[in-house]
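The structure under discussion appears below in the form of structure tokens.
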Amino acid sequence: MKAVMLLSGGIDSSTLLYYLLDGGYEVHALTFFYGQKHSKEIESAEKVAKAAKVRHLKVDISTIHDLISYGALTGEEEVPKAFYSEEVQRRTIVPNRNMILLSIAAGYAVKIGAKEVHYAAHLSDYSIYPDCRKEFVKALDTAVYLANIWTPVEVRAPFVDMTKADIVRLGLKLGVPYELTWSCYEGGDRPCLSCGTCLERTEAFLANGVKDPLLSDEEWKNAVKIYEEMRARNEGKSD
């Protein structure tokens with residue numbers, strides 16, 4: 001069965017790709033450039049798709065940037081160096097992003113005869129990002145069905161009840177090449193290790209008792225140190 005999926009180049013969507021392949025799907029991966037501050041994840045998506053030997057399309061919709069430019073990922077705000085919290089996550093929201101990307105993916109699915117569109121929304125994103133919630137998935141699935149009633153397409157988020165640590169655990173079993181993925185909100189040569197998504201990534205690999213394969217031994221030691229220091233500082237504030 002054909003399936004279209006959103007592939008960002010991060011660990012969640014890369015795991016989803018390998019999960020779908022393991023399930024016997026013919027995967028068509030879409031990666032979007034919508035005006036992000038850097039292209040590191042897009043480059044990683046290309047590497048992951050090549051390693052998995054799947055059809056991969058990079059779609060430039062950057063002309064919408066001025067319409068949705070907001071916060072730290074597409075706007076002028078600096079990337080916050082802190083664990084995810086309601087305040088931090090609100091600063092990293094791209095308004096209506098998944099609605100836009102999944103709508104395009106659904107149209108592409110109809111074109112190629114795919115019956116499903118998948119994306120890697122998960123439990124760790126659930127509390128703040130509105131377009132990663134079960135309610136959103138269900139509502140968009142209904143909307144896509146109504147919009148394409150003669151050629152029905154389902155919208156699915158198979159990781160919606162999983163944490164990032166759960167996703168990494170699955171990916172390790174599936175042999176996901178995490179060394180090719182990119183999560184950092186910064187666009188440097190190496191991950192900054194201290195933005196919200198870097199900290200969450202470190203936490204996920206720590207929870208599984210393994211080193212992040214993207215990092216050198218020295219970088220991993222530094223990542224764990226930063227994680228533990230910022231976690232202790234964060235817990236101190238809540239006491």
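Numbering starts at 1 and runs along the chain as it is shown here.
Cβ atoms here come from the backbone N, Cα and C positions, even for glycine.
As recorded in Swiss-Prot:
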BINDING   Leu7, Ser8, Gly9, Gly10, Ile11, Asp12, Ser13, Ser14, Thr15, Leu16, Leu17  ATP binding site
BINDING   Cys184, Cys192, Cys195, Cys198  Zn(2+) binding site
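Counting only the Cα atoms, the space from Cys198 (Zn(2+) binding site) to Gly9 (ATP binding site) is about 14 angstrom. According to DSSP, Thr15 (ATP binding site) sits within a helical segment. The number of other CB atoms found within 10 A of the CB of Ser13 (ATP binding site), across every protein chain shown, is 25. Rounded to a whole number, the distance between the Cα atoms of Ile11 (ATP binding site) and Cys192 (Zn(2+) binding site) is 16 Å. Listed in sequence order, Ser13, Ser14, Leu16, Leu17, Ala29, Leu30, Thr31, Ala45, Val48, Ala49, His56 are the same-chain residues six or more apart from Leu7 (ATP binding site) with CB atoms under 8 A from its CB. Cα of Cys184 (Zn(2+) binding site) to Cα of Gly9 (ATP binding site): a distance of 11 Å. Thr15 (ATP binding site) sits 21 Å from Cys195 (Zn(2+) binding site), taking the C-alpha atoms as the reference points. In the structure as shown, the Cβ atom of Cys198 (Zn(2+) binding site) sits within 10 Å of 22 other Cβ atoms. Residue pair Ile11 (ATP binding site) / Cys195 (Zn(2+) binding site) shows a Cα separation of 16 Å.
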